[in-house]
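Asks: Provided herewith is a single structure, encoded as structure tokens, for subsequent inquiry.
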Amino acid sequence: MSKKNNGASNALVQGSILAVASIISRIIGLIYRIPMQRILGDIGIGYYSTAFEIYNVMLIISSYSLPLAVSKMVSAQMAKKRRTATYQILKCALLFATISGTTVALILFFGGNFFATTLLNTPYSIFALRVLAPGLLVVAVLGVIRGFFQGLGTMMPSAVSQIIEQIVNAIVSVWAAYVLYRTGTRIGAVLGDKEHYAAAYGAAGGTLGTVLGSVAALLFVVFIFAIYMKVFKRQMKRERNVRVSSFGYTMKILVITVIPVLLSTTIYNISGIIDQGIFKQVALLQGYTQNDIDVWWGVYTGKYKLLINVPISIASAMAASFVPVLTGAYHRDDMEAVRGQINLSTRFIMVVAFPCAVGLAVFGLPIFNILFSSTRATNAEASLMMYVGAVAVVFYSLSTLSNGLLQGIDRLKVPVINAAISIVAHVIVLILLMLIFRLNIHAVVLANTFFALLMCFMNSMALKKYSGFKQEIKKTFIIPAISSLIMGVISYIVYFILYKVCHIEIIAFILAAIIAVISYAVALLLLKGLTEDELRHFPKGTLIIKVAKKCHLL
């Protein structure tokens, strides 16, 4: 295998490790959301989700871009075997993370009332916001160390720490939500608003798990980091002709790298805050009650978005793994390798995203009924959102990946410009859908889908312009889409028959899901969506090829 292919395959393997960890983390998140939903109800989940919308924006501002920026800078130096310069980058990044994390944590803690009450008209989210505030500093430092290891070409510390983080998060969140919900009930009884205080305090308990989960993950990566640094420092001492930029210059380069990524991710993710502000204000003007609005938003964020983000996390993992590899190839001026890596990562993401989108559209209601059996009254609403917006999985996956690919070839400003244009168009579409068509919460679903679609189009044009890469259409998009539709029809028929026979939703769904995976794989290979050579790049590709040949699919 050539060096070019080896680098791309390694990036795919490392990305797959991170993707598997992300999926496991998301599944844990889905599982613990079941008791959380039962404890908090749709109103409490609405407060919980509102707090997270604000927290996520503050996280983006303080540190979300740090892992990518650090991994990009570290990979560039390690490609030249400059370990001393790499260590300088690490020290600068840790200082930056400490300052930015502390500053934003203080802003969130003391300014939480403004964000929750004035900005988003959800005053009961203030308790959850203040619990989340210290987590901003922890996550900032955690992100630097994760980015350092990613720049070295290993995703394992990030992957394992993600799983540890989510396990601790799940245990603490459920326990604290239960305890504080009861506390809120007693306080609310005294203050004359038992329902809302119980939900607000319960939501605050749920956010405690996020903070302690981050602390657990940080302790793990610090332990791994301490062991690795003994070896790393010995290698530093053996370096000859060491040339290291000043601390100030390194910090300047870090900031220059961070800012475009920061702006891109801020604009890209701020749509949740904008959506909430517009949706709640317009819905109130249209005569809907505050309770109806809170329930709608709780269903949208606590059910629809929770589920749809699971497959999208795979694209985030792929982007994280391909950025360092792309940066190295781009700085070597190996454009053939760059185009090969863009093609491989895009093909892989589309092979995964299309069946996920169809599967969520077809099985939305059974999945929600299994996960959220205590709130079945709103599951039909959530499944309608999923039916309308499942295609967003494809668009968000591709736009997330293409953001990372553009950043990998040093076009850091392009995703910022594209995201800014998309968010303006998104706001216009959202307002029109709400005011003219009165689609209430479904307007938010459709507007977000449009946002991701526009990002895909503009990012694709930019990749073609700056790398000379022209995306192949048939095998990348058409065949996975057709295979997914075949899968959807077959698996739904199987589910329908099984449910009529056994009347047990979870059994019918699990068996139908197994049939879905098999039917998609068979359809994809029979339609020549993947060749033997392409499969070889995939994780466990050799095993997949052996099985496919035995089944006469290759």
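Count begins at 1; order follows the chain as displayed.
Glycine too: its Cβ is placed from the backbone N, Cα and C atoms.
Nobody curates TrEMBL annotations by hand; they come from automatic prediction.
So TrEMBL lists the following for this protein:
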type: TRANSMEM; residues: 12-34; note: transmembrane segment
type: TRANSMEM; residues: 54-71; note: transmembrane segment
type: TRANSMEM; residues: 92-115; note: transmembrane segment
type: TRANSMEM; residues: 127-149; note: transmembrane segment
type: TRANSMEM; residues: 161-181; note: transmembrane segment
type: TRANSMEM; residues: 201-228; note: transmembrane segment
type: TRANSMEM; residues: 249-270; note: transmembrane segment
type: TRANSMEM; residues: 306-327; note: transmembrane segment
type: TRANSMEM; residues: 384-404; note: transmembrane segment
type: TRANSMEM; residues: 416-437; note: transmembrane segment
type: TRANSMEM; residues: 443-464; note: transmembrane segment
type: TRANSMEM; residues: 476-498; note: transmembrane segment
Asks: Do the transmembrane segment (384-404) and the transmembrane segment (443-464) share at least 3 Cβ pairs closer than 8 Å, excluding pairs fewer than 6 residues apart in sequence?
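Replies: Answer yes, regions in contact.
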Asks: Would you kindly check 249-270, 306-327, 443-464 and say which stretch has the most C-beta pairs under 8 angstroms to the transmembrane segment (12-34)?
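Replies: Maximum Cβ contact count belongs to 306-327.
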Asks: I'd like to know if the transmembrane segment (249-270) touches the transmembrane segment (92-115) in this structure, counting it as a touch only when three or more C-beta pairs sit under 8 Å and are separated by 6 or more positions.
Replies: yes
Asks: Hey, which bits of the same chain come close to the transmembrane segment (161-181), Cβ under 8 Å, at least six residues off its ends?
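Replies: For the transmembrane segment (161-181), the nonlocal Cβ contacts are 18, 21-22, 24-25, 28-29, 31-32, 35-36, 39-40, 44, 142, 146, 198-199, 201-210, 212-218, 220-221.
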Asks: Looking at 54-71, 127-149, 201-228, 249-270, 306-327, which one has the highest count of Cβ pairs under 8 angstroms to the transmembrane segment (416-437)?
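Replies: When the Cβ pairs under 8 Å are tallied, 249-270 comes out ahead.
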Asks: Take the C-beta pairs under 8 A between the transmembrane segment (306-327) and each of 54-71, 127-149, 201-228, 249-270. Which stretch has the highest count?
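Replies: So the stretch in question is 54-71.
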Asks: Can you tell me which parts of the same chain pack against the transmembrane segment (201-228), counting only residues 6+ beyond its ends and a CB-CB cutoff under 8 A?
Replies: 36, 39-40, 44-45, 47-48, 51-52, 55, 124-125, 127-128, 130-132, 134-135, 138-139, 141-142, 145-146, 148-149, 157-158, 160-162, 164-181, 183-184, 187
